[in-house]
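Working notes, beginning with the structure itself.
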Amino acid sequence: MADQLTEEQIAEFKEAFSLFDKDGDGSITTQELGTVMRSLGQNPTEAELQGMVNEIDKDGNGTVDFPEFLTMMSRKMKDTDSEEEIREAFRVFDKDGNGFVSAAELRHVMTKLGEKLSDEEVDEMIQAADTDGDGQVNYEEFVHMLVSK
């Protein structure tokens with residue numbers, strides 16, 4: 001399954017994995033998963049977190065390692081994101097609910113995830129997705145960015 005991913009995708013997933021793996025020990029615990037989800041405005045219960053980890057945790061050790069994470073991500077990519085999941089992700093970034101993701105909103109979410117980006121890096125990310133050149137990312141541009149990855 002994971003062998004159908006490009007090197008670039010694997011590198012991106014490794015970076016995402018390291019955002020979750022707060023202590024850098026190579027595995028994601030329910031606590032680490034909860035921290036990231038709460039930083040994104042979600043409020044999962046301990047039981048929900050345990051359920052998510054159990055779903056991915058193939059070897060049954062109670063944590064998610066990188067190969068397990070890769071398998072889950074490649075599956076998720078196969079079941080291309082449902083419209084509702086994409087809308088939900090957009091809402092996480094669109095803090096003020098105006099239908100656009102600004103550089104400030106993108107920086108805010110990335111900082112909460114532990115990614116310290118320079119203004120230039122944030123601007124580059126916005127420019128890469130901003131096809132109509134208005135300086136912010138609307139829903140259609142957001143979808144296009146996700147689908148073209």
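Any Cβ shown, glycine's included, is placed from N, Cα and C.
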Record-annotated Ca(2+) 3 site (Swiss-Prot): member among Glu85, Glu105 besides Asp94, Asp96, Asn98: Glu105
Asp57 (Ca(2+) 2 binding site) - helix vs strand vs coil (DSSP): coil
Shell list (Ca(2+) 4; ref centroid = CB of Asp130, Asp132, Asp134, Gln136, Glu141; cutoff 8 A): Phe100, Ile126, Ala129, Thr131, Gly133, Gly135, Val137, Asn138
